Amino acid sequence: RDMGDNMTSITEFTLLGFPLDMRIQMLLFGLFSLFYAFTLLGNGLILGVILLDSRLHTPMYFFLSHLAIVDIAYACNTVPQMLVNLLKPDQPISFAGCITQTFLFLTFAVTECLLLVVMSYDRYVAICHPLRYSVIMSWRTCITLVVTSWTFGILLSLIHLLLLLPLPFCRSQKINHFFCEIMAVLKLACADTHINEIMVLAGAISVLVGPFSSIVISYMCILCAILRIQSGEGQRKAFSTCSSHLCVVGLFYGTAIIMYVGPRYGNPKQQKKYLLLFHSLFNPMLNPLIYSLRNLEIKNALKRVL
């Protein structure tokens, strides 16, 4: 429908994805489908093991189960659409579908950021205040921390959504991405998006830089506490429970900070697209592998359940 002499409102978008040769796209379709299956299987397995094994009904694994839920949702939100585009590059996505995808991606990304902070706090209390652990990390506290993480994720995404919806889209229907990433969508708006971009940067700083700094401080305290442990066995156990979480934190925050807070913020760089592919496809797949391979309790629980 006409909005003016040369302006037409957009009801659907086309995701450009990865403009490659059709044979390469078919190869990527097979490869990404496999990775997607591993993501669902790995996180589903960890979730199932935690639910079925009563020995894992502790705060640490309660938080890990929510991380697995977020990773499954994270992958389900972006990967199926990417697979469709690899098979049918011209297949459009509706405006409502695109905006929903943007909202859900932001919700899961922010929630995962905060869950990783909560998990680092849990490890800090367990190692630095072991005698008070059960008092500090009561089930009421754990549930409050998880609900707060999800609520903050939804509210922050809702703010971005409310700022995005009033914008008129009339320049082009083509989004230079494999999903409706917020910055790629904003580039198509035919109005001033300065406030939106400032809010994206402010939101990224608030959920990336601040929480990442608190994780670093927590682990500095944890390291000091581990070095004070007299027995080598105690040190190894403490390191093993923390190293898995540190690997996940490094992968998640490292890619996210480069994308949204780095010096090339806002530039339509092809590298950023591939970095976000790693962030939304490989991170959720690697998380269960990292936790299951480096965590003795998970490995033992898997053996018991299987």
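Even glycines carry a Cβ here, placed using N, Cα and C.
What TrEMBL records for 42-291 is domain 'G-protein coupled receptors family 1 profile'.
Counting only same-chain residues 6+ beyond the ends of the transmembrane segment (26-52), those with a CB under 8 A from a CB of the stretch are 18, 20, 61-62, 64-65, 68-69, 71-72, 75-76, 79-80, 82-83, 86-87, 281-282, 284-285, 287-289, 291-292, 298, 301-302, 305. The feature transmembrane segment is assigned by TrEMBL to 26-52 (among others).
Look at TrEMBL and you will find 61-83 (among others) tagged as transmembrane segment.
Sequence annotations record features per position, and here TrEMBL assigns transmembrane segment to 103-121 (among others).
Annotation comment: TrEMBL describes 142-165 (among others) as transmembrane segment. Long-range neighbours of the transmembrane segment (142-165) within the same chain, counting only residues 6 or more positions beyond its ends whose Cβ lies under 8 Å from a Cβ of the stretch, are 59, 62-63, 66, 99, 102-104, 106-111, 114-115, 118, 121, 182, 185-186, 195-196, 199-200, 203, 206-207.
Using a Cβ-Cβ cut-off under 8 Å and counting only residues 6 or more beyond its ends in the same chain, the transmembrane segment (198-226) has close neighbours at 109-110, 113-114, 116-117, 120-121, 123-124, 127-128, 156, 159-160, 163, 182-183, 186, 235, 238-239, 242, 246, 249, 253, 256-257, 260-261, 265. According to TrEMBL, the transmembrane segment annotation covers 198-226 (among others).
Marked as transmembrane segment by TrEMBL: 238-262 (among others). Nonlocal intrachain contacts for the transmembrane segment (238-262), taken as residues 6+ away from its ends with a CB within less than 8 angstroms of a stretch CB, comprise 60, 67, 109, 112-113, 116, 119-120, 123, 126-127, 200-201, 204-205, 208-209, 212, 215, 219, 222, 225-226, 229, 272, 275-276, 278-279, 283, 286-287, 290-291, 294-296.
Beyond its flanks by at least six residues, the transmembrane segment (274-293) meets 32, 35-36, 38-39, 42-43, 45-46, 64, 67-68, 71-72, 74-75, 78-79, 82, 105, 177-179, 181, 244, 247-248, 251-252, 255-256, 258-259, 299, 302 of its own chain at Cβ-Cβ distances under 8 Å. As annotated by TrEMBL, transmembrane segment applies to 274-293 (among others).
Counting residues 6+ beyond its ends, the transmembrane segment (103-121) has Cβ neighbours under 8 Å at 60, 63-64, 66-67, 70-71, 73-74, 77-78, 145-146, 148-150, 152-154, 156-158, 160-161, 179-182, 203, 207-208, 211, 214-215, 218-219, 245, 248-249, 252-253, 256, 280 in the same chain. Mean pLDDT across the domain 'G-protein coupled receptors family 1 profile' (42-291) comes to 86 in this model.
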